Amino acid sequence: MEKLHNAVRQFKEKPWAAGVIAAIDRYTKKQQERRMLAVSHPFWVIVQKEISDHVRSWRFNVLLFLILLTCFGSLYTSITSLVDETRKAGDSDDPFFFLKLFTLSDGSLPPFHVFVGFLGPLLGIGLGFDAINSEQNSGTLSRIVAQPIHRDYLINAKFIAALTVIGVLFFALGFLVMGFGMFIIGIPPTVEEFFRIVCFLLLSILYVAFWLNLSVFLSIRFRQAATSALTAIAVWLFFTIFYQLIVNMVARALMPSEAALPQQLIGYQQFIMNLMRVIPSQLYTDATTTLLVPSVRSLGPLTMEQAYGAIPSPLPLGQSLLIVWPQLTGLIAATVVCFALSYVSFMRKEIRSR
Amino acid sequence: MNQSIIELESLTKKYGEFAAVDHLDLSIRKGEIFGLLGPNGAGKSTTILMMLGLTEPTSGRVKVCGIDSTIHPIDVKRRVGYLPDDVGFYEQLSGRENLLYTARLNRLSRREAEQRVDALLQRIGLKDASGKKAGKYSRGMRQRLGLADVLVKNPEVIILDEPTLGIDPIGVREFLDLIVALSREEQITVLLSSHHLHQVQQVCDRVGIFVAGKLLAQGNVVELSKALFSDKEPYLVEAAIEGALTPEMAETVKSQLLDLEGAVSVRIDKERIYIGGTQEVTAEVAHILVHAGVGLKHLNTREYGLDDIYTKYFEGGEVYGKTA
């Protein structure tokens, strides 16, 4: 410590160093001055405040802790099973070795992308469920809309702020996992792997944005924050658990006989798949699997003719993206619909005090 | 001074069939303190919301500072400060941070915002509590912070919706004094809605009485009582007598009293006599009663205040006997 201190002092005494330090000082002072005099657009003022509210809230920090924990848990399991995987050799020439960090699991904990698919909705709901009704209940809403701003600034800013927080969080997490992975297994990702991971992260953000918008909509619709939170969680549970059950029941009822034609069987299969794809979580799972496991070539049934002559190699990123394009569009559409609903209902709402 | 700053022209707001505000015409002059007085649910808040362009009128026009609030709400909101009833602040932020946020929403730079907010906090006497979280403020402090919040944008008009609700009497006194002082110093027009008539009476230059979506009367208190009772009896004399009168005696006294110039109605109620009139007739009443040999205990003259105007309109009918 003493040594470091002395070194710093000696460094400071050098004339050129003193000059540099003074220049940096001047620069930061000037920047600060400019910041103090700058007039920001009210929209960004709201975004700023919302972000700082999120980051400082207990709720967000609890969620963050939960997600960090699961993230490292799944990283741990994937690395331990990665070791076994390499011992088995065989696919040591797998060009997408690094991606396995995100998809492998030894069974004790689900892999990273499944975890994100599970906790992402919770994060979205957590950031949005009291966006409007808590302001209404604390009496701040009527005060804010009486300021010279357009009303939609408020809802747009809330959405942008939450999305920014989510985006930063996911990119930080994804890159953190990548960094740790590189550090532990000693293999850097290829360019394609890197872009696949970036795509996966963007997709996850989109998925969380859907849940965020849904919960914002509920927060406008319901006056009590608890009601909107419960409703959002109910929707989430319905989609993750009960919807599958219902589809299974429908599938069993519609099951064609053993003697059915292959076309019928395929039609039936397709119908069930399409039923599953109504829900956003299925779209997300489909899309992430395709992105993170390049050997996935189709999300529906493949006939022998289609598979015939195909080279059993992983798909390039462009092709994988092409496969998930419908899923992506579906997710974007669902998000936009939710946002439009909340936008319209907020603009029409008459804002009275409490 | 006489130019009007808020103008409402046959303003109407309907919720389904129910008319919350019904063809309201009102004009408020620059620099005055106007009290909008009415019971709960009379449509005061709805009128205010329409002035700010926060809700659209079904028909009619609102002009504030010469700008149509329905078409250009942003320009109006730049000039008008609004303090909602039961104002709320972000509880996790300090009082000062809350004001800074408002200031920056009004396009002030950080530096300007800090200067103005600190000056305002000093002015309303919350300097010491400025760093405290707004969630820990008492009701009265919150209301004063609300006033500062309204003043941050340097408004030409401030609209206060039930500003004194839930504050203790001393707090109310201070708050109202602050409003009057600010209005006089900075030439701010104040529109104050309330159902506390005494407070309105204390501070307002003019009062509008607002019931069931309609403005029944407006003017200062004297004008109002004249306007409302001129055809009847703006003055009331109450005489307490010793022992009930015999029926014959009551008849003579009554006819004598009615002969008085300015007396309009006489009502005898056991040991009390009420004389309503267009003029001050107390001395004559005393004279007649004493001459008739009635034991006079005391005489009480009363002018109509807002109280009576209020009761008359809100409950309708009988005004007599409402005061002790």
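Cβ atoms are placed via backbone N, Cα and C, with glycine included.
Because TrEMBL annotations are produced automatically, they should be read as predictions rather than curated entries.
Pulled from TrEMBL:
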- A:58-79: transmembrane segment (TRANSMEM)
- A:112-132: transmembrane segment (TRANSMEM)
- A:159-188: transmembrane segment (TRANSMEM)
- A:194-214: transmembrane segment (TRANSMEM)
- A:226-246: transmembrane segment (TRANSMEM)
- A:323-346: transmembrane segment (TRANSMEM)
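Tertiary neighbourhood of the transmembrane segment (A:58-79): same-chain residues 100-112, 115, 119, 122-123, 126-127, 165, 169, 173, 176-177, 180-181, 184-185, selected by CB-CB distance under 8 Å and a gap of 6+ residues from either end.
Among the recorded stretches A:159-188, A:194-214, A:226-246, A:323-346, the one sharing the largest number of Cβ pairs closer than 8 Å with the transmembrane segment (A:112-132) is A:194-214. Outside the transmembrane segment (A:323-346), and at least 6 residues removed from its termini, the chain residues within Cβ reach (under 8 Å) are 132, 151-152, 154-155, 159, 203, 206-207, 209-210, 213-214, 216-217, 220-221, 277, 280, 283-284, 286-287, 290-291, 296-299, 315. Taking Cβ pairs closer than 8 Å, the transmembrane segment (A:194-214) reaches residues 96, 99, 102, 113, 116-117, 120-121, 123-125, 127-128, 159, 162-163, 166-167, 170-171, 174, 178, 232, 235-236, 280, 284, 287-288, 291-292, 294, 317, 320-321, 324, 328, 331-332, 334-335, 338-339, 342 in its own chain, all 6 or more past its ends. Residues 46-47, 50-51, 54-55, 60, 64, 67-68, 71, 75, 79, 82, 97-98, 101-102, 112, 116, 123-124, 127-128, 131, 194, 197-198, 200-201, 204-205, 208-209, 212-213, 216, 339 of the same chain lie 6+ residues outside the transmembrane segment (A:159-188) yet bring a C-beta within less than 8 angstroms of a C-beta in it.
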